[in-house]
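Student: Attaching a single structure in structure tokens format; questions to follow.
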Amino acid sequence: MAVDAEAQFHVLAVDDSLMDRKLIERLLKTSSSFQVTTVDSGSKALEVLGLKEEDQTSTSALSPQHNEIEVNLVITDYCMPGMTGYDLLKKIKESSSLKDIPVVIMSSENVPSRINRCLEGGAEEFFLKPVQLSDMRRLGPHILKGKHKEQQQLHQEENSNTNHTIMGSSNNNNMSNKRKVMDEEILSDRTRLGFSSSSLNLI
């Protein structure tokens with residue numbers, strides 16, 4: 001049962017090395033039977049995630065694209081030509097629709113300042129290459145946490161929409177009540193005027 005549930009989770013693996021991509025894919029499928037998609041660059045990862053990089057020189061020139069593939073976790077190499085793993089991490093965390101996707105960084109270089117920068121930037125883990133099967137088994141809790149955040153956000157949005165509907169209905173009722181009071185006041189004024197006219201005619 002656990003394997004079937006985990007098989008529903010989709011991991012996006014990003015690495016410019018074909019050998020490393022194949023290794024990561026094999027480890028992911030061996031450890032938890034994840035669905036795995038591999039790409040060789042950060043820009044291709046953005047396409048899979050549904051973000052298109054319009055201008056390579058601009059870090060904020062991203063436009064949302066329709067994406068039918070749901071990604072539950074991104075694992076990316078740090079050192080890649082063009083866009084580094086840290087750059088990819090920043091773009092994911094800056095996106096309102098993708099920020100809850102867990103991101104794991106890998107590197108063959110043990111540089112403490114680099115590791116700290118990635119973790120402070122929102123990465124869940126920093127693995128040293130070559131990655132091991134035990135590393136892949138640590139990804140499950142991060143995926144579940146990401147799914148929990150996503151469900152919480154959807155719940156909050158549903159509550160917000162419900163509150164807006166209730167407020168709109170309340171405003172409509174208030175307007176209806178105000179109209180009713182105004183109509184009654186106008187009718188009362190007309191009745192008083194009619195009595196006054198009759199009195200004058202009798203005189």
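Positions of Cβ are set from backbone N, Cα and C atoms, glycine also.
TrEMBL annotations: computationally assigned, not manually curated.
Annotations for this protein, taken from TrEMBL, read as follows:
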- 10-144: domain 'Response regulatory' (DOMAIN)
- Asp77: 4-aspartylphosphate (MOD_RES)
- 147-177: region 'Disordered' (REGION)
- 149-158: compositional bias 'Basic and acidic residues' (COMPBIAS)
- 159-168: compositional bias 'Polar residues' (COMPBIAS)
Student: Within the domain 'Response regulatory' (10-144), count helix residues (DSSP H, G, I), strand residues (E, B) and coil residues, in that order.
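Tutor: Once the DSSP states are binned, the domain 'Response regulatory' (10-144) shows 52 helix, 30 strand, 53 coil.
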Student: Tell me, what is the mean pLDDT of the domain 'Response regulatory' (10-144)?
Tutor: 89
Student: Could you tell me how many residues in the compositional bias 'Basic and acidic residues' (149-158) are helical, how many are strand and how many are coil under DSSP?
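Tutor: Final tally across the stretch: 10 helix, 0 strand, 0 coil.
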Student: Across all chains shown, how many C-beta atoms besides its own are within 10 angstroms of the C-beta of Asp77 (4-aspartylphosphate)?
Tutor: 25
